Structures are given as structure tokens and as C-alpha cells.
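Let me begin by presenting the structure, written as C-alpha cells, before commenting on it.
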Amino acid sequence: MLIFTPRYLKHAKLLHKGVTRFLNYKRDLLPASKLDEIETLRRSLEDAMRAKDKERLKMLNEEINRVCERALPEAAPNEIAENVEVIFVAIVIALGIRAYIAQPFQIPTGSMQPTLNGITAQATAEDPTPGLAGKIGSIFSSTRFINVVSDHEGFLDRQNPITEHRFLIFMPYCLLHFADGHTIKIKAPQRQLLDELQLAKHINSEPVDTGNDTPDRRAVWGLRGGEPIKKGQLLARGVVHNGDHVLVDKFSYHFRTPTRGEVFVFTTKHINLITVPSEQGSQHYIKRLAGVPGDLLEVQAPLLFINGKQAEEQGFKNVMQGTREKPVDGYRGYSFAENINGRINKIHLKPDDYFAMGDNSYNSSDSRYWGPVPERNLVGPALFCYWPITKHWGRIR
């Protein structure tokens, strides 16, 4: 009976069961030499069990465990492969969500201020780097403190003196390229670095208008190499606020029509009067949806009229509460647009046309300048400001 079976034989039976299961499950993965070795050890185990050889069983227990543990040298890589597979599946799911449901988007400019903040910068005379408490606070406000002096000397590269890059979606930065291949990293976007932080002035160079435009009607600057940079020379000093990050709903517009007054995102493809660098292709803009197909829009600064009535949606009311001379909570009202044909203050939208306007009307390149947005360009409404954690955090209205 089992209750009278010696403990060492019970252990031997469990070992036999375990090694048999190991062979059954791993047979297709085991090298032929290891398979033969384990089969031989299992037969030896069976012989020792029949002979009730306690010492032999003890020795076989240690040897079988050792051989089985080392029989699959690929086990560690398989674990890595499984982890990689899990990560890959997570990435695929995330990409699926981004492609069809929701997409993160960074506000690049100030065209929607004060509703949403774009990337801004202020130069300072002294090193702006704060103490520990200030550094901790800057994490939640997405603020960077810039104080960069050159660690190299020489001329900048003539062809590409400055390039902009991005780490994740939160952290744009620039590289200064020297003619000898040396680079200096500055944690600020190119436009703010050349404009507000006055890099060109610090290095006795000249900013160059690239002929492109931004959503807040500011030129996109490049840099022309000038005098040689000296070691220890100040390059940039100031504070950079990285702007709001929002989630865009890419799902809703497949099942409902866009709603006048909501903040929405669209692509610039096929809008010929929007000038962007050719290598960047289509971009994403974020504005407030001022008009839908069939609407008649008219600006009587600082007011916006839609179909003969003053705009009633809350977003428009916020903008119209102030004027250029007397802003209210940062809002300055709506302004006219002008082109080579003179002042434009009235437009009638055709079918499939949508009219986009920035809340910062005096500094917004929008449909007043480059015309309506085609329906095929619509991406979706802006849902939620998730970063930084400031007064803008939460649902976008």
C-alpha cells in the first residue's frame, strides 16, 4: 500500500513522473544528444526504483535535475522572445488605438491661446535654473530652463547649421552642427530658439526666413552661419514652456457630423495656401470649428456672426468677451483678415467645407487666410488636455 511506501521511493516516483512529462512537452525542442541522455537516465531511474537502491536514487535525482535544467540553453532567449512578443502586441494595440480611436497631439503654437497653450519661450538675463522645489514643479508644468554655453569653437556647418529633433512627443530639441562634425544640444524647439531665445544674436549670425508658415502666422526661421563660435560663448538662456498635450478623438466623426464651436484637428493636405516645409508633408492643425457647410460667417470685430446672428456657442462667447485694446482673461475678440484683394470679413461655406478659426484671432493663421477645410481633412474633436497639469488640464471646451 502507498502509505507503507518508503519516502525515497515516493520521491523517485514523482521524479519519474516529472522527467516523463518534461520529455513529452520538450521533445521537439531538445537536441538529439540531450534527448538520448535523459532517456538513458530515466531507464536508470526505473532500474534503481525496482532495486530499491536508495543511494542510487539519490544520485540520479541530482543528475536528472541538473541535466534537465541545462538541456534547453535557448530557454532564456525564449523568455526574452516572449517578453518581446508581449511588448509587440502592446505596441500594435497602441498603434491601433492611435490610428482609429484616439491620438495624442501637442499644441505647437499660440494660435489657440488662451484656451490652449502652444510652445512659448522667454529669454532671461541670468541663469533661470531654479532650486530643487522649482525643478520639481517644472516637471508638472512642462517647463524647461535653458542656460547653454558653447563647449567648442569653430564655424557652424554651412549646409545644416541647426536641425530640430524630438525625444518622445514631449521634448523637442535642437542640434547645432559645427563644420568639423561637433554638435551641441539645446533643449528648445528651433523656432523659439531662433526667435525668443535669440540664438542668432548670441552668435552674431542672421536668422533666415524659410518661406514657410505656422498656425500662429509666424515665419519659420532657419540659421545662416556667421562668425566662428568661441568656447564659453553664450548660446541660449531662458525659459521654455512646452505647450499643452491633448487627446484627439478620431472615432466620433465616423458616426456624427462635426459640431460648430468645438475644438477640432485637421490635416493641411490639399489646402494649397498653407505653406509648410515640403519634407514635412501634411501637418495637423488645431482650431475651433467656426462654420459648417452652408453657414454664412461674418466678422464685425470683435464679434463673429453666423447666419446673421451673433455666435452663441460658449467657445465663441469666451473669445468675444474682450477686445484687442481691452483683453478679458486673455481673449481679444475676432479680427478681420486681409489679403491682396483687401479686407475679408464675410464668407459663405460650400457643401463639404468647414471654417477653422483660432481663439487667438490676431495671431492665428486660419481659414480667414487660406480658406475652408475640406471634409476629407477632418481628424476629430479635441477631447482632453492630459499634460501638463495646469489650469488647462481636463476636458477641452
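The backbone N, Cα and C atoms fix where each Cβ goes, glycine too.
Check TrEMBL against the ranges 35-70, 107-142, 215-250, 251-286 and you find coiled coil recorded for 35-70.
Lys287 (active site) and Ser111 (active site) have their C-alpha atoms 8 Å apart, to the nearest angstrom. Within its own chain, the coiled coil (35-70) has Cβ neighbours under 8 Å at 6, 8-9, 11-13, 15-16, 19-20, 22-23, 27, counting only residues six or more beyond its boundaries. Here the domain 'Peptidase S26' (240-387) is broken down by DSSP into helix, strand and coil counts: 23 helix, 59 strand, 66 coil.
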